[in-house]
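In TrEMBL this protein carries:
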ACT_SITE  Asp36  active site, proton acceptor
ACT_SITE  Asp176  active site, proton donor
BINDING   Ser9, His67, Gly143, Phe144, Gly145, Gly146, Asp176, Gly177, Gly178, Gly198, Ser199  substrate binding site
BINDING   His34, Asp36, His67, Asp176  divalent metal cation binding site
Amino acid sequence: MKNTLIAPSVLAADFANLQRDVEMINKSEADWFHIDIMDGVFVPNISFGMPVLAAISKHAKKTIDVHLMIVDPDRYIKTFKDLGADILTVHYEACNHLHRSLQAIKAEGMKAGIAINPHTNVALLEDVINDVDLVCIMSVNPGFGGQSFIENTYKKVKQLKEIIVRNNANTLIEIDGGVTSKNAKQLAEAGADVLVAGSFVFNAENPIETIADLKKITTL
Ligand code: DX5
Ligand code: ZN
């Protein structure tokens with residue numbers, strides 16, 4: 001049986017009721033908290049920063065998966081460890097020395113992830129696949145929640161899965177952007193291990209049920 005992990009993106013939460021939404025994720029069948037950090041430089045938007053993550057960490061009872069959409073992320077690796085990150089993902093396009101960044105994340109005791117933009121070919125990851133715990137394939141251009149899913153993603157998931165198998169790696173494949181109950185099953189079948197879902201979960205009438213549905217349809 002394949003158990004696909006569900007990671008609600010807190011970017012889509014109600015920030016005026018953040019503790020309520022964090023408790024909702026705690027209570028639900030969700031596996032991880034997905035935390036989007038944007039700097040207004042790498043992506044054309046600014047989300048939230050350290051004090052907000054500290055507040056989330058205080059209440060979160062599940063794995064904290066931090067997605068850094070910032071330039072030169074090496075500056076903040078230790079900071080995010082101290083803020084409670086369990087997994088720290090940096091963008092391929094934002095790192096000049098990606099191999100070094102991955103080692104620095106792991107040296108702090110976190111799992112290391114690489115996110116790739118929709119235009120970045122998965123083949124570029126072949127030489128670091130054994131050094132990375134997670135690859136986050138962006139299925140929208142990063143920067144905003146609520147965008148529509150890019151269909152080319154299925155092909156990328158399959159290609160990446162081949163690279164992982166060929167190299168005997170145990171890297172997880174995460175999909176981020178535009179995930180709904182319409183594409184979740186096909187993504188899991190293509191080889192995705194973790195699905196991030198922001199607006200689909202938080203705009204739903206019943207987020208707890210929506211998470212349970214996503215979990216059910218992606219259990220293969
Ligand atoms: C986009 C972020 C995503 C976003 C997903 O830059 O990385 O994690 O919150 O939101 P939805 O699921 O609404 O596309
Ligand atoms: Zn994200």
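Every residue, even glycine, has its Cβ placed from backbone N, Cα and C.
Note: TrEMBL annotation is automatic and uncurated.
What TrEMBL annotates, mapped onto the structure for a quick look.
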residue: Ser9; record: substrate binding site; Cβ neighbours (10 Å): 25
residue: His34; record: divalent metal cation binding site; Cβ neighbours (10 Å): 29
residue: Asp36; record: active site, proton acceptor; Cβ neighbours (10 Å): 24
residue: His67; record: divalent metal cation binding site; Cβ neighbours (10 Å): 28
residue: Gly143; record: substrate binding site; Cβ neighbours (10 Å): 18
residue: Gly145; record: substrate binding site; Cβ neighbours (10 Å): 20
residue: Asp176; record: active site, proton donor; Cβ neighbours (10 Å): 25
residue: Gly178; record: substrate binding site; Cβ neighbours (10 Å): 23
residue: Ser199; record: substrate binding site; Cβ neighbours (10 Å): 17
The residue listed as 'active site, proton donor' and His67 (divalent metal cation binding site), distance between Cα atoms, whole Å: 10
Any further residue of that chain within 8 Å (Cβ to the Cβ centroid of Ser9, His67, Gly143, Phe144, Gly145, Gly146, Asp176, Gly177, Gly178, Gly198, Ser199) of the recorded substrate site: Leu11, Ala12, Asp36, Val140, Pro142, Gln147, Val196
Cα separation, the residue listed as 'active site, proton acceptor' to Gly143 (substrate binding site) (Å, whole number): 9
Residues close to divalent metal cation site centre defined by His34, Asp36, His67, Asp176, Cβ within 8 Å: Ala7, Ser9, Leu11, Ile35, Asp65, Val66, Thr89, Ala115, Cys136, Val196, Gly198
Listed binding-site residues Ser9, Gly178, Ser199, filtered to Cα within 10 Å of Asp36 (active site, proton acceptor): Ser9
Ser9, Gly145, Gly178, Ser199 screened against His34 (divalent metal cation binding site), Cα within 10 Å - retained binding-site residues: Ser9
